[in-house]
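First the structure, in the form of structure tokens, and then the observations on it.
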Amino acid sequence: MVQYKVTVFTGDRLNSTTLNNVYIKLVGTDGESDRKWLMGLKGASSFVRGAVSKFKVSCSTSLGNLVLIELDKQSLPLFPEDDWFCAKVEVKSPEGDIYSFPVYRWIADSKVHRFKDGKVFEDNHHLGRYSRQQEIQQREEDYRWDAYAEGIPHSLKAQNPIFLPSEVQFSFTKTTEFVYTASTGLTELKLKGLDNRKEKWDNIDSINRVFCCKNTEISEYVQEHWKEDAFFGYQFLNGVNPILIQCCTTLPSNFPVTDDMVFPRSRCDLADEMKKGNIFLCDYKLLDGVKANTINGKKQYLMAPLVLLHKPPDNKLMPIAIQLKQTPSDDNPIFLPTDSEYDWLIAKIFVRSADFNHHQLNAHLLRTHLLAEVFAVSLLRNVPMVHPLYKLLKLHTRYTLQINFLARRLLISEIGAFTQFASSGGEGMFTILKRSVSSMTYSSLCMPDDIAERGLEAVPNFYYRDDGLKVWDIIHRFVQGMLGYYYKSDSEVQQDSELQKWILDIFEHGFFSQAETGIPQTFTCVTELVKFVTMVIFTCSAQHAAVNSGQYDYGGWMPNTPISLQLPPPTTKGTTSEATMLATFPDVNVTVQGMATMWLLSKQSSDFVPLGQYPEEHFIEEIPRKILKDFQMELEDLSLVIKARNKRLEVPYTYMDPAELENSVAI
């Protein structure tokens, strides 16, 4: 007889404990053990939260190299079946070899679950192939594609969060905090009777009293400076929608701006300033002709502005011209800083409202949430746990499927908050999403390429770019090291069928097989694979944080980011006043619903896992663990640099600080 020493690690998560009987079978290249009841000296406490319990499994002969283990648990008579979160199992063979089997799964039923040795990747042994095929077949059953709406990336088919596979559901902590934050977001405002008030604001002071219920350091700065041109320009670089602005070398034909308009009595010349790279454009053409919502029985207004900005010698980006509709006409004036106070201010308000809708649907929902779900579903359907890609990306899918399910139910459904209270809610929302999908390219998702294409390499005070490019480079080096360890040649990438199925599913279900997007349909080389995986990790962590975390900072003070507007823009100059502005703003109840939603979406959970942290130890080889440690150290160093820089800034830019970046799209 020979003995195998088995160590079982129960996860340190809330409710990880099981009181059921746990069984194990060891499977090797030369045989398998009997199914063994794991009963030790600890008795019922063997599998409590955080427990590390040791057992012995006897076999008549050596099993050879261990390939996998089988785990199952059975409830006792009169005791209910409970959920058990097993972290990992380690087995020491009679020959002294140690095998580690990463689990990191909730085992909620009495079925047999198979887990492979963490070091095994290319395993052509029939047991290994059979195990992987079984795992993928089960995953294809658990994770099915669904089309939520025509023309937008496909999602996970699910009827209710409680029916999601346990491995992708919120933790108890996450669920409790999410429900609490959602339920309390409007509590104080409800007590003041504001959530049902369908009338207009009568003065700015009334808005201020609501805003004071919840504010942040940056939102208070926004309240004080929202009217200023310099702050208006700053937000295109470092606000929540930094992906629209581009260097302007030629004026669009539908934006007839002249030198006399923007540089009166100045030596500056528009053509020369464009040649010098000092002119910038924000074009909201995706919103052109979109049918605006009806809220509180009143028609709303959503413009598709063009905004021209200038970088003067002091490097503060300043707006110099705004046209609120795409087609030039006599009733579509070009507004200028030299216009009356409220003509210019209302023009900027319409831009800020357009920016909110463009940001939420394109920069935020589509380019982070929906894409992250495509990456996650394809991973879970096509890639087994033992695969290095699964190990690399699993933590970057954490909570994404459930948060997106909730977004579809609570925000963009027929009764969702966005549908009811945003000017692009309802029919307009899907028009914008479809247009955004059509305009999305691979290069626009890869930050170095995107910055170059928009001509923004040299713009000063562009902290989104400065921090983001550093994060991208750190992720890229990490991915290059990890995948370079497993793939020694391009042919190994080409022959990896699981890898190829992953990218093909993404190409088909995320980008509708449109080759013109530039998204690869297959991976032909290691370099191509590394870049794509870098983009996936960056999108799910840094990019999502950049367009999500500051929502309340910049949107909590409604006049800076109105989610809807209920008067059309002025068609002639000199007809506006403070009363016009107040009448244009969204109603009281619309304002407070918007505030509550942005508060919820900006709130970080206490079980947040920052970028670079892999609490689940899927990588057990020495070299990958060293690469991971280097990755973490680089991120820590960058965080210190960013924090030091922010101390010198009037408005700190924290959204790309690695310490603040969640590993996944989890809120």
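Each residue's number is its place along the chain shown, starting with 1.
Note: Cβ is positioned from N, Cα and C throughout, glycine not excepted.
What TrEMBL annotates here:
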BINDING   ASP82, ASP83  Ca(2+) binding site
BINDING   HIS364, HIS369, HIS544, ILE667  Fe cation binding site
DOMAIN    2-121  domain 'PLAT'
DOMAIN    118-667  domain 'Lipoxygenase'
SITE      TRP106  site 'Essential for stabilizing binding to COTL1'
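Sequence features, as recorded in TrEMBL, placed on the structure.
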{"residue": "ASP82", "record": "Ca(2+) binding site", "Cβ contacts under 8 Å, 6 or more apart": "THR17, THR18, LEU19, ASN20, SER75"}
{"residue": "ASP83", "record": "Ca(2+) binding site", "Cβ contacts under 8 Å, 6 or more apart": "ASN15, THR18, TRP106, ILE107, ALA108, SER166"}
{"residue": "HIS364", "record": "Fe cation binding site", "Cβ contacts under 8 Å, 6 or more apart": "VAL240, VAL547, ASN548"}
{"residue": "HIS369", "record": "Fe cation binding site", "Cβ contacts under 8 Å, 6 or more apart": "THR400, ILE403, ASN404, ALA407, HIS544, VAL665"}
{"residue": "ILE667", "record": "Fe cation binding site", "Cβ contacts under 8 Å, 6 or more apart": "TYR399, ILE403, ASN548, LEU601, SER602, LYS603, GLN604, SER605"}
Report task. Starting from each candidate's C-beta and looking 10 angstroms out, tell me which of the recorded positions TRP106, HIS544 has the most other C-beta atoms. Result -> HIS544
**Report entry** Helix, strand and coil residues within the domain 'PLAT' (2-121) as assigned by DSSP
**Finding:** 5 helix, 61 strand, 54 coil
Query - Any further residue of that chain within 8 Å (Cβ to the Cβ centroid of HIS364, HIS369, HIS544, ILE667) of the recorded Fe cation site - result: LEU365, THR368, ALA372, ILE403, VAL547, ASN548, LEU601, VAL665
